[in-house]
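Taking it in order: structure first as structure tokens, then the write-up.
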Amino acid sequence: MRGAANGVRGAVTACAAPRAAGHLPTDSGKVRPDSDGEDRRGWWVPVDPDYLWQARQLQALSFAVHIPLVCFGIAFPSMVLFCEWRSLRTGDPVLATLARRWSKVMLALFAVGVVTGTILSFELGLLWPEFMARFGAVFGLGFTLEGFSFFTEAIFIGIYVYGWDRLPPRLHLLCGVPVVVAGVTGSLFVIAVNGWMNHPTGFTMRDGVVVDADPWAALFGNTYFWHEFVHMYFAGYIVAGFAVATPYAWAVLRGRRGRYERTALTVAMSTAAVAAPLQVIVGDWAAREVAKHQPVKLAALEGLGRTTRGAPEHLGGWFNGHEVVYGIEIPRLLSLLALHNPNGTVIGLSAVGADDIPPVNVVRFAFQTMVGIGTLLALLGLLFLYVRLRHRRLPRSRWFYRAAVAAGPLSVVALIAGWVTTEVGRQPWVVYEVMRTTEAVTGASGIPVGYGTLVVVYLGLAAAVGWLLRRFSRIPLDLPTELPAEVPDDG
């Protein structure tokens, strides 16, 4: 999906492991040269840093609007296809109705994702021209393959949505498979580009020019690709699952407890409930990769001022430039989590110069927001699975449904916070330890005008989506007599 892929594409420069022959930060604040003994920093002169803040805000706005659509592009087609497959297997009219109604929502979100994704594509070249010019030969293949995925999805999503009652049931189901596959692969290729930016490899620099570019090695040979892809894949199912569950949980609270609402809630909550606890495991994997390849980012996430053996973890608090104050300290926990060794040594921010340190409190707050919300969502998912598997029914407590209503918006907050953690935490680099963001930014004026224009465009799109979803929700259900309702407890 253009929506799925371009959302991550926007992240690659929204705020922007050392490469195979790259720089490694040392505790003295200097830069270890490449394997050939040559320090490659300073080969590019910054274009015009005066526009950096404006460019970041414009890209970040577009990304924040678009990234939830990425999740629906990854996960929602499989939810729709699951409902249709089960309806063909069981003859359940409720599942068939869900598949039909959700497919219309899927098409509407895809259309909006095309618009916002195209905007991000233009921003990539207009706001960060030096980045594209220098490294296009390295990562351009990823965007080419993403485009192929987009066109595949665009073709088959139209066939699928408008093929109801026009195609044989099994053929119609098969037409949905490319939509699912393309939604995932489109994101995969752009996440590979983002992974390369965090751990650049697959090229050689000679006299300031990229030579010997190996796009396949760059995209899939960087160690960051694997955990970023799995992390984003699960995030897609978490956000899509909880976001779809939210209106049905609200309906249950308002007294609409029919089989249609219960079935929709079961499918959506099951999707998110399986992914949310697994995301905790993937998050641990990702944190260890950051500790290994981007130790300065880890130090910023945790507010660790100096290199420390047996480093503590701080919950909350504020980094004052030297240490975290007003937080809850848990001894040795950071070393245990990052290195799986309570006595391990964690590199601090003092290992590099001030110019190489990201905005600590921004990334710390984003990181702790992501982890805090993610933990709560995982617990909510486990509660749902426990009740569903043990008692073969939905939870009955009204507090569960209140939490489910909040889970949709909170999952989006966690999603955006996670990408702020990734992108702002990489600062000041757009390509880690190879090219600074100040070197990549445009020197053109007029960014504030573009910002204002996009605000109007996005408000219009939001209004259009809201109107469409409201219209879809008012279409009468064509179902047989409902089964008895399941009434939540007053608690």
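Cβ atoms here come from the backbone N, Cα and C positions, even for glycine.
Features of the protein shown, as given by TrEMBL:
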TRANSMEM  63-85  transmembrane segment
TRANSMEM  105-129  transmembrane segment
TRANSMEM  135-161  transmembrane segment
TRANSMEM  173-197  transmembrane segment
TRANSMEM  230-251  transmembrane segment
TRANSMEM  263-282  transmembrane segment
TRANSMEM  365-387  transmembrane segment
TRANSMEM  399-420  transmembrane segment
TRANSMEM  449-469  transmembrane segment
Would you say the transmembrane segment (399-420) and the transmembrane segment (105-129) are in contact under the rule of three or more C-beta pairs closer than 8 Å, pairs 6 or more apart in sequence? no
Chain residues in Cβ proximity to the transmembrane segment (63-85) (below 8 Å; excluding those fewer than six residues from its ends, i.e. six or more beyond): 1, 3-8, 10-11, 14, 95-96, 98-99, 102-103, 105-106, 109-110, 112-113, 116-117, 119-120, 153, 157, 172-173, 176-177, 179-180, 183-184, 186-187, 232-233, 235-241, 243-244, 267-268, 271, 412, 415-416, 419, 458, 461
Checking distant contacts: for the transmembrane segment (135-161), what same-chain residues at least six beyond its ends satisfy Cβ-Cβ under 8 A? 1-2, 5-6, 9, 73, 77, 103-104, 106-107, 110, 114, 167, 172, 175-176, 178-179, 181-183, 185-186, 189-190, 192-193, 196, 200, 202-203, 210, 213, 215-216, 218-219, 431, 435
Within the same chain, the residues 6 or more beyond the ends of the transmembrane segment (449-469) and with Cβ under 8 Å of it are 54, 57-58, 61-62, 65, 105, 108-109, 112, 115-116, 119
Quick test of the contact rule: Cβ under 8 Å, at least six residues beyond the ends. What residues does that give for the transmembrane segment (365-387)? 238, 242, 269-270, 272-277, 279-280, 283, 301, 315-316, 393-395, 400, 403-404, 407, 410-411, 413-414, 417-418, 420-421, 424-425
Do the transmembrane segment (399-420) and the transmembrane segment (230-251) come close, with at least three CB pairs under 8 A (pairs 6 or more apart in sequence)? yes
Grab the same-chain neighbours of the transmembrane segment (263-282) for me: Cβ-Cβ under 8 Å, and only residues 6 or more beyond its ends, written as numbers and ranges. 75, 79, 82-83, 92, 94-95, 98, 227, 230-231, 234-235, 237-238, 240-242, 244-245, 248-249, 252, 374-375, 377-378, 380-382, 384-385, 388, 394, 404, 407, 411
